[in-house]
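Visitor: Pasting in a structure now, in C-alpha cells, and then I'll have a few things to ask.
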Amino acid sequence: MQLLTIGINHHTAPVALRERVAFPLEQIKPALVTFKNVFLGPQAPNTPEAAILSTCNRTELYCATDDRAAREGALRWLSEYHRIPVDELAPHVYALPQSEAVRHAFRVASGLDSMVLGETQILGQMKDAVRTATEAGALGTYLNQLFQRTFAVAKEVRGTTEIGTQSVSMAAAAVRLAQRIFEKVSDQRVLFIGAGEMIELCATHFAAQGPRELVVANRTAERGQRLAERFNGRAMPLADLPTRMHEFDIIVSCTASTLPIIGLGAVERAVKARRHRPIFMVDLAVPRDIEPEVGKLKDVFLYTVDDLGAIVREGNASRQAAVAQAEAIIETRVQNFMQWLDTRSVVPVIRHMHTQADALRRAEVEKAQKLLARGDDPAAVLEALSQALTNKLIHGPTSALNRVNGADRDSLIDLMRGFYQHAPRSNDQSGH
C-alpha cells in the first residue's frame, strides 16, 4: 500500500480558490465513498483507505492505495468533484507520497504548518476528520495507524517544546486590526455572526476590550443565546441582519454557509444609514461569508483569513528554536512509522504462505482420514502423512534453488540457511 496526501492550503492557494475546494461537513461522507472508488479495481489486493481534512486554511485528501497512478487519479477526482479545470487547480496542489505524507500529517497536527504557528485548533479538526472517515467506513489499518501516531506526535511536540507559547491567534490579530481603525474598541458595537469555535475565540478577545455592546447572530437561536450570555451580550435573529447591520461598528463572521450571507447591496445600505461612518469587517469563513466586492467600498475595512495571516506571521519568527526542536522530534517519528510501514509490506506474503500451507495440511489430513477409515495401519498412515507434508512444504524452496544460478543462487542459499538453522555450511566437510 502506498500513502499519499494531496491538497491545497494557505501556502499554495489564495482564499478565492480555497473556498471553491472546501468540503461542507455534510458532503464529506458521500465524497469519501466516491473518492475511494477512484482506486478500486479488480487488480487491487487491498481495499483503499481515505480521509478528507477541510478547514479554512486547507483541503487535504489522505489516502492509502495500491494504485500507482494515485496522484493523477486524486487530482482528477478533486477537479471533477468541485468542477474546477485541472489546469487551473494543478499549479496550487501539492502531492506528497509515502514519508512526505507522514511528515506532513505530523507537522500539520503539531501546528507547524498552520497560519498561526503552534495553534491547537487544527488538531481537533484532524480528529474530527478521522472520526468522520471512520463513520463512513473509509479508514483501515494504514490510515488508522498514521493518524493515531499523528496525534501522539502532536502531543509529544506540544508537551516537550514551546511551539504554542506566545502565539498570536487569528482572534488576537482581529482585535489588533480593529484597534488600527478605531481608537477605542470599548466605544464600539460588535456583532459576531456564527457561534462556532472561531467566533467563540474572537468573542473572548473582543470582550476583553469591554466593547459598548456585544451581539451574536446565529442560525440556531439557542446556541447564539448561550454564547452571548457568556460575554454579557445579546443575541439577535440572523434574519434581522439586513435591517440592523448599520447598528454595528465591528462585524466578525465565521459560519459554515456555502454561499455569502452578506452581500454588497446590504452593506451599501448600512454604510448609507451610518452616514459613512466606517465599518470594520472580518470574514474568517471559507467559503467566504462576505462578498469580496464589499472590500471596495470606501468606508468599509474588510479583512479575510489571509489578511490576518500577515499579522500572525509577524510573531512566528521569535519561536524558531521551538520549531527546530519540533522538527527533530517529527523526523525521528517519521522514520519509526516508515519502519512499521516496511514491515506491513510482507504481511500479504506471510498470509499467503499460511493459507497455502494450511491447504496442503488439510488435503493430507483428509487423505489420511480416508486411509484410517479403510482400516490401513495407523503407523503407516502417519508415516505417509508426514512424508507427504515434508515433500510438499520443501518443494517450493528446492525448486527455487534449482532454477537460479550464480550470485542469485548464493544469496538464496544463504537465505535458506537462515530458514533452516541446522543446514551444514559450505566449509563443513564432515557431513554431519
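Cβ coordinates come from backbone N, Cα and C, glycine included.
So Swiss-Prot lists the following for this protein:
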ACT_SITE  CYS56  active site, nucleophile
BINDING   THR55, CYS56, ASN57, ARG58, SER114, GLU119, THR120, GLN121, GLN125  substrate binding site
BINDING   GLY194, ALA195, GLY196, GLU197, MET198, ILE199  NADP(+) binding site
SITE      HIS104  site 'Important for activity'
Visitor: In the same chain, which residues outside the set THR55, CYS56, ASN57, ARG58, SER114, GLU119, THR120, GLN121, GLN125 have their CB within 8 A of the centroid of the CB atoms that define the substrate site?
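Guide: Sorted by sequence, the hits are MET115, VAL116, ILE122.
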Visitor: Quick one: largest C-alpha distance among THR55, CYS56, ASN57, ARG58, SER114, GLU119, THR120, GLN121, GLN125, binding substrate per the record, in angstrom?
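Guide: Largest Cα to Cα distance for the substrate-binding set is 15 Å.
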Visitor: When you average the Cβ positions of GLY194, ALA195, GLY196, GLU197, MET198, ILE199 for the NADP(+) site, which other residues in that chain have a Cβ within 8 Å of that mean position?
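Guide: Residues close to the NADP(+) site, other than GLY194, ALA195, GLY196, GLU197, MET198, ILE199: PHE192, GLU200, LEU201, CYS202, CYS254, THR255.
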Visitor: Out of HIS104, THR120, GLN125, point to the one nearest GLY196 (NADP(+) binding site) in space (Cα versus Cα); all of them are recorded positions in the record.
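Guide: So, of the listed recorded positions, the one sitting closest to GLY196 (NADP(+) binding site) is GLN125.
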Visitor: Give me the CA-CA distance between ASN57 (substrate binding site) and MET198 (NADP(+) binding site), in Å, as a whole number.
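Guide: Each residue's Cα considered, ASN57 (substrate binding site) and MET198 (NADP(+) binding site) end up 13 Å apart.
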Visitor: Count the other Cβ atoms sitting within 10 Å of the Cβ of CYS56 (active site, nucleophile), across every protein chain shown.
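Guide: Step by step: centre on the Cβ of CYS56 (active site, nucleophile), count other Cβ atoms within 10 Å, giving 24.
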Visitor: In whole Å, how far does the CA atom of THR55 (substrate binding site) lie from that of MET198 (NADP(+) binding site)?
Guide: 11
Visitor: I want to verify one value. Collapsing DSSP to three states, which class is SER114 (substrate binding site)?
Guide: coil
Visitor: How big is the Cα-to-Cα gap, in Å, between MET198 (NADP(+) binding site) and CYS56 (active site, nucleophile)?
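Guide: Rounded to a whole number, the Cα-Cα distance is 10 Å.
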